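Below is one structure; the comments refer to it alone.
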């Protein structure tokens, strides 16, 4: 299924979309029917009575969760969800290209109606917020109350951080980056991937409208998108996706084809991507190394000198696009999406009002407003698939990455050169997180790596130290 989704986003022709949607819906039904086998609950219950190892008990727990999820939604619901989502994605690509919200709205309305239906089915009680059940699809162990508590310090302190860091960035002059042909960018990125630890023997890099990662541990597909005028955009999007890819490739082979091969927390996955993109790849000596690497591939240019790259990469400037946002403003993009998702699900925000609500929210949080919907509410692919509840994982992942790296920076091993440090960091992440696959949740992984539960403190301290010191 994952490889079908990759093909649909990268290679499939427009006329093949409808047939692919039907095929994916049928395949999902086959999977769900197997999970709803009448004898399976009894078998799992009997297994629970056996003396199991910790990993075996975790696999059983994950299998019980999958069976429970499969029984929540009937065949007709699953068929509608897959068919509508694929159709919506196809329409989203067209709407984004033509900057026409009405095209997206028509296709997304039935997806949103289905989401509301699913939220009702998934919530634990009539008193629970509708959004809770959708959040738990991606973060099974976090309640909406806990999420709001974790995000409260961000809402409180981010505006001041953004204002001060933006002001400091304004006084740094930068040389424009060179224009780099797409083919040149692609060759450099393919050469960079092995340096990041991504095994091209078990994966590949492609192009898509929206960067993403997909596949299975033995065949990991990552994508990026290219802009000749902004070569760092494709580069850092690829570094982000490489973090996802290394996590998948790092899952112990013993867990392949078991429930442990599926990471349960989207935030834990995002933490690995943001560890690469925001933590490692913004270190001064990495940028020095990157400058030399890029000039070998793209030619000598003053815009690619380390000091100038650092000014570009470290610039804090409120902007419209989440995937191109700097490290300081990025969480604000997530806070906006969380607010809008909850309002759409509850019915407080009519879908027709989404573009204006987006513009107002961006102005309130970041002081900028999009002049079109392509750079506003049409910029992300997630809603096409009904992935309400996923966006908070990005901010939770940033918190976890900052917390883990705060601990790693205390080790003498941190003070090696960028290549040795990168290898050592990957070893730590491999042993503490990647190896276990779905064996640990977000908070448990933070406890294992740092000795402390997840909080926003390390992220806020990190942003202050890097951008205000």
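Keep in mind that glycine also has a Cβ here, set from the backbone N, Cα and C atoms.
Because TrEMBL annotations are produced automatically, they should be read as predictions rather than curated entries.
TrEMBL has this to say about the protein:
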{"type": "BINDING", "residues": "240, 244, 270", "note": "Zn(2+) binding site"}
{"type": "ACT_SITE", "residues": "241", "note": "active site, proton donor/acceptor"}
If you count, for each of the recorded positions 241, 270, the other Cβ atoms lying within 10 Å of its Cβ, which residue has the minimum? 241
Using a 10 Å radius on the Cβ of residue 240 (Zn(2+) binding site), the other Cβ atoms enclosed count 24
Mapped onto three states, the DSSP assignment of residue 270 (Zn(2+) binding site) reads helix
Just to confirm: which same-chain residues, 6+ apart in sequence, have a Cβ under 8 Å from the Cβ of residue 244 (Zn(2+) binding site)? 213, 222, 269, 272, 273
If you take the centroid of the Cβ atoms of 240, 244, 270, the listed Zn(2+) site, which other residues of that chain have their Cβ within 8 Å of it? 213, 241, 243, 269, 272, 273, 274, 276, 277, 397
